[in-house]
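Per TrEMBL, the features are as follows:
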type: ACT_SITE; residues: B:Cys128; note: active site, nucleophile
type: BINDING; residues: B:Ser19, B:Lys43, B:Ala44, B:Asn97, B:Asn125, B:Lys163, B:Ile189, B:Gly215, B:Gly241, B:Gly242, B:Gly263, B:Thr264; note: FMN binding site
type: BINDING; residues: B:Lys43, B:Asn67, B:Ala68, B:Ile69, B:Gly70, B:Leu71, B:Asn125, B:Asn190, B:Thr191; note: substrate binding site
type: DOMAIN; residues: B:1-284; note: domain 'Dihydroorotate dehydrogenase catalytic'
Amino acid sequence: MMQEDMRVLAHEEIADQIFKLKLEGEMVQTITEPGQFVHIRVGGESQSIAPLLRRPISISSADPSTKTMTLIYRSGGLGTSLLSETKIGEKIDVLGPLGHGFPVDATPLKGKALVIGGGVGVPPLYGLSQALIERGVHVTHVLGFRSAKDVFYQAEFEKLGRTIVMTEDGTSGKQGRVTDVLDSVDFDAAYTCGPIPMLRALEHAITEKPLFVSLEQRMGCGIGACMACVTHTTDPNDAKGYRRVCCDGPVFKAREVELC
Amino acid sequence: MLDVHLPGLKLKNPVMPASGCFAFGAEYSNLYDLKVLGAVTIKAATLAPRYGNPTPRVAETPGGMLNAIGLQNPGVDEIIRKELPRFEENKVPVIANIAGSEMDDYVLTAEKMSQQSAVNALELNISCPNVKHGGITFGTVPEVAAELTAKVKAVSEKPVYVKLSPNVTDIVAMAKAVEEAGADGLSMINTLLGMRIDLRTQKPVLSNLTGGLSGPAIKPVAIRMIYEVSQKVSIPIIGMGGIQNADDVIEFFLAGASAVAVGTANFVDPFVCPKIITELPEKLNAMGVSDINELVGRSWKK
Ligand SMILES: Cc1cc2nc3c(=O)[nH]c(=O)nc-3n(C[C@H](O)[C@H](O)[C@H](O)COP(=O)(O)OP(=O)(O)OC[C@H]3O[C@@H](n4cnc5c(N)ncnc54)[C@H](O)[C@@H]3O)c2cc1C
Ligand SMILES: Cc1cc2nc3c(=O)[nH]c(=O)nc-3n(C[C@H](O)[C@H](O)[C@H](O)COP(=O)(O)O)c2cc1C
Ligand code: FES
């Protein structure tokens, strides 16, 4: 974990309010797993005090050979709107890499993985899929979005493996929810990130095979010290009874913790 | 230049992380050597383990944040077993923050904690706004605060600093009550009670409904209270509330603080404490000040 002013190499809107941000810096060399995240201080240079807190954003993909990493985020609130104004060449205060990501070795070498994403839960799954493919794993992606204007990275995922895009209104791909197509896919392990109702449905649907879920939670420190981001374990006899999403997660085994 | 001596605390500099914003030091010790700090104030300990409040527990506000962690901690025995050994080797002074919901919990917790060799002083948290019972009532009624202070003093083997709540009409009355009851020092301020409502759900953002406001937004309140109290008590004050840089530290000293704690700013910049400690000598030199103790209360001293 380190704090670094990382240089913006590219920054563009790739779907409605969805931005792709490419950063360069030494931190990239210290990323250990897909699904880790960074904590970004927005507007730190401007001396303004709002927004005060850092914003957690997943690392979508990383390339240690060029010391670059890509983040994909939705601009909406105070911090992310300000972030979206950052220009190429400027620097951004980044703390990371943080947390524990997806265990790629839960899928056997040359096995089959199912990767399921919803909305802005999709970004970390791209780096995950790349890492799985490096292990010779055959990956199927199911990506859910609200509407055609929200879809991003479809072509990128298609290059890595079979990709089923679903939209709630049917304006792109198939109409419906990600859970509608699970029966058609054969897999050894599944990985998911997205809205809570989707995670809940998947924890219900996938019980025979390993499933890993990535959670979101409001954060303070992002490094395990403030106890803002905790969630209960489902096991009432667990020694601690809770996990911190920022450092014990954000990725957990399905049903290990309560979905917050 | 930065050395500060307070009851139980020989500090090489007056800067320490504030309770609850640094856990028990493990996380930040991965980032820097805790020995650079003047002291470490560890997270509140209660007699029994506490899980705390449901999430969301934090919400950002203009220039600040609300928190309703609810004193989550593994309980005093576990803290003594698992967390304090870190400081036996580290040689950084430790202030142990104590909380409770009944008089007896406080007293038992304080007694156990004060017996630990790694602990240099206690900080009695009579001001946590985020627990349903106790905490805040001890912090708002001077007679109750005084009674608690006296009981804890009677069992404590280490000096006792009482952490005051700003959620009172007369902070000076509170300060004097606990001074008379035997407090060795004061910590001020804890968080201000606040609330945010989500426009979409039209409900409070925090699941606890209310939370404690911290960060730069509360600094003027802290400065005012320390200015008022330091003129009326003769025990030292550890000042806190919105400190972000060395200039803020100097402002707290001018108001009447003898040391400072940094809370929320650690979340914004995890290296903020060492940065402030490095910046302070330059700032003091520029002011022509050779000893930071000279600054204490200068804003009101004749
Ligand atoms: C581990 C993790 C990874 C994430 N990865 C991504 C990603 O790759 N792409 C992406 O678009 N979003 C991601 N998010 C969600 C992202 O953190 C929020 O969208 C963002 O913090 C909102 O900030 P804002 O300034 O737009 O909103 P504001 O309304 O100004 O935010 C106010 C406060 O609430 C917090 N907050 C608001 N929404 C969320 C949320 N959903 N999760 C956590 N905190 C929130 C903010 O951090 C801030 O402290 C991730 C969240 C977590 C916890
Ligand atoms: C997340 C969080 C947790 C806190 N926990 C405690 C605590 O356990 N005990 C305590 O006395 N104060 C606690 N505080 C209050 C701080 O120690 C400090 O008094 C207050 O935040 C003001 O300082 P700041 O503006 O620098 O954060 C907490 C504050 C925050 C933000
Ligand atoms: S955000 Fe502080 S403990 Fe997780």
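Including glycine, each Cβ sits where the backbone N, Cα and C put it.
Cβ neighbours of B:Ile189 (FMN binding site) (same chain, under 8 Å, six or more residues apart in sequence): B:Ser127, B:Leu164, B:Ser165, B:Pro166, B:Ile218, B:Val221, B:Ala222, B:Met225, B:Ile226, B:Met240, B:Gly241. Of the listed binding-site residues, namely B:Gly241, B:Gly263, the sparsest CB environment within 10 A is found at B:Gly263. Averaged over the domain 'Dihydroorotate dehydrogenase catalytic' (B:1-284), the predicted model reaches a pLDDT of 94. Reported as a whole number, the C-alpha separation between B:Asn125 (FMN binding site) and B:Ala68 (substrate binding site) equals 15 Å.
Checking the binding-site residues B:Lys43, B:Ala68, B:Gly70 against ligand 2 with a 6 Å cutoff on the Cβ atom leaves B:Lys43, in sequence order. Here the C-alpha separation of B:Ala68 (substrate binding site) and B:Ala44 (FMN binding site) works out to 13 Å. Classification of B:Asn125 (FMN binding site) by DSSP places it within a strand. Separating the Cα atoms of B:Thr191 (substrate binding site) and B:Gly263 (FMN binding site) is a whole-number distance of 10 Å.
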